[in-house]
Amino acid sequence: GEGGSKMQRSRRTAGPDRYVPSRDALRMEVAKFLLTKEKDPAEVSPSKKERQKAWAVRLNGFDVEEAKILGLSGKAQTTAAGEGQALGELPQLRAPGRGTAAQRLRTWRHQLASGSCCAHWDLNLLDWSPQNLLALALDTTVYVWHHISGDIINLMETECITDYVSSVSWGNGGNCLAVGMSNGEVQLWDIQHQKRLRTLTSQVSRVGCLSWNSYVLSSGARSGHIQHHDVRVAQHHVATLAGHTQEVCGLKWSPNGRFLASGGADQLVNIWPSSQGGGGGFAPVQTFRQHQAAVKAVAWCPWQPSVLATGGGASDKRIRLWNVCSGTCFGNVDARSQVSSILWSTNYEELISGHGSGANRLVIWKYSTMSKVTELQG
């Protein structure tokens with residue numbers, strides 16, 4: 001009858017009606033970081049979005065970002081014509097001299113192999129821009145290599161042969177290159193027009209490391225001082241940070257611009273606030289003294305802004321993970337050789353470290369257990 005059919009329709013199979021995954025198994029911090037990075041219009045410009053989309057279609061056959069579950073978007077894939085237009089937005093570099101791109105690259109590699117760069121561990125002579133341009137300092141010259149065309153340009157040379165380039169760092173989304181010099185100068189170069197914009201002078205010794213925080217460029221010197229430069233104004237020097245007794249060889253602003261981490265040849269790691277204290281000066285909010293050698297490798301976790309990774313030199317060989325808010329070290333691993341650099345993945349809970357004396361290699365580590373994923377030799 002009618003009542004029986006209603007009862008039959010209301011029957012359900014026993015058991016849960018949906019699958020709820022365990023929160024412990026989710027990478028919530030990474031997921032939040034990826035979603036924020038994708039959705040924040042202030043961080044990703046329309047032109048950059050189109051360029052990223054073109055790269056994804058070119059390399060994978062589809063747009064990786066749109067394929068992510070977290071993206072929750074169903075936009076149409078770019079066409080081949082759209083790809084060409086997006087790729088055309090990259091700076092058009094002019095490579096001097098004759099020969100094919102492969103020949104110029106072989107010449108560049110020969111210069112590298114011949115040791116024509118200032119091979120000092122404290123210096124930071126290599127930087128890759130968001131626009132896929134590689135800047136490399138070889139003694140008195142800065143070269144820029146275009147990853148797509150293979151073109152290599154001679155961007156600048158020091159005016160005095162006794163001076164050499166001691167650091168390079170891309171700013172302004174990759175449109176401006178900061179070049180630190182052995183004489184204490186910092187030069188700003190417009191990469192699009194291959195033209196020097198200005199020279200910042202405030203240091204009295206070589207500038208071994210640079211780091212950008214929006215329009216503020218911070219430079220670390222051999223004297224142990226860190227200078228803040230506001231590149232928008234004529235009187236660019238806005239602050240001096242004195243917390244190291246020896247050369248500053250590692251310098252990095254946190255992704256949110258709240259803290260500046262500095263590593264020195266005095267084995268110290270200092271965490272500086274972005275604003276002055278009550279007395280009108282700058283003082284470290286944290287100082288870490290556990291490393292037993294110079295600290296060049298400093299890197300902030302992109303999805304947890306309070307987490308910092310640091311690496312020690314040949315007498316230390318250790319990678320440490322810090323919570324800069326609490327001041328605690330919650331990770332410590334023996335890398336078996338000096339740690340020259342650290343870089344975090346923006347898609348996985350991993351970080352990669354570069355190593356010099358003892359074992360020249362790259363190592364990928366799992367966060368936060370610091371278990372080794374793999375070693376890259378060669």
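Just so it is clear, glycine is given a Cβ too, placed from its N, Cα and C backbone atoms.
Annotated features in TrEMBL:
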- 123-378: domain 'CDC20/Fizzy WD40' (DOMAIN)
- 1-22: region 'Disordered' (REGION)
- 165-199: repeat 'WD' (REPEAT)
- 241-272: repeat 'WD' (REPEAT)
Using DSSP, break the repeat 'WD' (165-199) down into helix, strand and coil residues and give each count.
3 helix, 24 strand, 8 coil
Within the repeat 'WD' (241-272), how many residues are helix, strand or coil going by DSSP?
0 helix, 18 strand, 14 coil
Summarise the model confidence on the domain 'CDC20/Fizzy WD40' (123-378) as a single mean pLDDT, whole number.
95
